[in-house]
Amino acid sequence: MEEKRLTEKESLELITQMIHSSKQNMEVGNGNQFLYWGYCTAGLSIALFVLITLTHSFIWTWGWMFLFGVWPLIAYKKRQKPAAVVTYTDKVINQVWRVLGWMFAFTFITSGVIEILLYRQADFIIMLPLSLLYCGLGVSITGIIIQERWMIYSPIVAFVFCIYMLTMLIHDESVTLLWYLYFGLSFVIMMIIPGHILNHKAKQACSKN
Amino acid sequence: MFKELDPLLHSQLRLAVMSILLSVEEADFVYLKEKTEATAGNLSVQIDKLSEAGYIEVEKSFVGKKPRTTCRITPVGRQAFEDYVNALKGYIDM
C-alpha cells in the first residue's frame, strides 16, 4: 500500500474494507485456552479416580492442587506467543474469565478457612460443584459473546452435575469417587469439544482468506 | 462551508492503520503490515507520524529476544477519526 491521497469515496471504501478485514480474524486460536484447561482437568480427574481406586489413599485428593499449576503455565505460554491482535471481544472474554478465576480462588480460600474453623479439617469437596458452576458460566458467557451455539448450551451437563452434587451434600449423602468422573466428563463436553470446534472453524476461516 | 479533511488521516496507509486500530483493542506491527500490505519501512514511518500527532500509542517490548511493537488508538485519535468521517460525509452528500 502506497502513501497516496485519496478521493472521499475511496476513503470510505478503505475504512470499510479495513474494518471488515480486521473482524475476520476474531476467532483464530480462541479454542486453545479451552483445550489446555479441558484436557488438564479431564486428565487429572481420571488420574485421581484411578489412583484413589487403586491405592485406597485419600491423600491423592490433594492432586487437585495441580490445577493451580496449570494457571501460571498457560499464562506463561500466552506471554511467549502474544496475540497479533486483541479485539474488544477478546478483552471482554478475558475480563469475564478473570472475574471467574478470582471467584474460584476466593471460594477455595474461604471454604478452606470455614472448614478448618468448624471441622478442624478441609476436604474442599465443595470446590467440585462450584468449579463446575463457575467454569460452566464462563463457557456459556463466552459462547454468547462469540455467538457459538455449542458453547452456550454445552455447560448444561456441568450445571446438572453441579446441582446433583450440591443436592447430595445438602442431604448429607456420601460423596463417591464417581464425582471425579462426572467432573472430568463435564470438562470434556463443555471445554474440549467446543475448543476443537472453535479451532476447526478458525482453520476454515483462515483457509478461505 | 465544508470542513477541511485532516491531512494526517487523508492518506491511504495512515487511514488504513487508523481504521484497523479503531476496530480492535490493540494490534502489533506484523498484523498491521499483513493487513495493509505495506512495506515495513513505509508502515514504520506512517506509524511514527500518527504517534507524534497523538492519534495512536506505540508500545515497544520484547517477546523472548524478538522486538514487538504494539499499537492502539488514543481518545484523541478516535475523535480525529470521527471528525474525519463526518467531514467526508459532508463532501459526499454535496
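Glycine too: its Cβ is placed from the backbone N, Cα and C atoms.
Here TrEMBL flags A:34-52 (among others) as transmembrane segment. Sequence-distant contacts of the transmembrane segment (A:34-52) (same chain, at least 6 residues past either end, Cβ-Cβ under 8 Å): 58, 60-61, 63-64, 66-67, 70, 74, 77, 135, 139, 177, 180-181, 183-185, 187-188, 190-192, 194-196, 198-199.
The transmembrane segment annotation in TrEMBL covers A:58-76 (among others).
Listed as Cβ neighbours of the transmembrane segment (A:96-118) (distance under 8 Å, sequence separation of 6 or more from its ends, same chain) are residues 71, 124, 126-127, 130-131, 134-135, 137-138, 141-142, 145. Positions annotated as transmembrane segment by TrEMBL: A:96-118 (among others).
Taken from TrEMBL, the feature transmembrane segment covers A:124-145 (among others).
The transmembrane segment annotation in TrEMBL covers A:152-171 (among others).
What TrEMBL lists as transmembrane segment is A:177-198 (among others).
Residues 27, 30-35, 37-39, 41-46, 48-49, 52-53, 128, 131-132, 135-136, 139, 143, 148, 150-151, 154-155, 157-158, 161, 164-165 of the same chain lie 6 or more positions beyond the ends of the transmembrane segment (A:177-198) yet place their CB under 8 Å from a CB of it.
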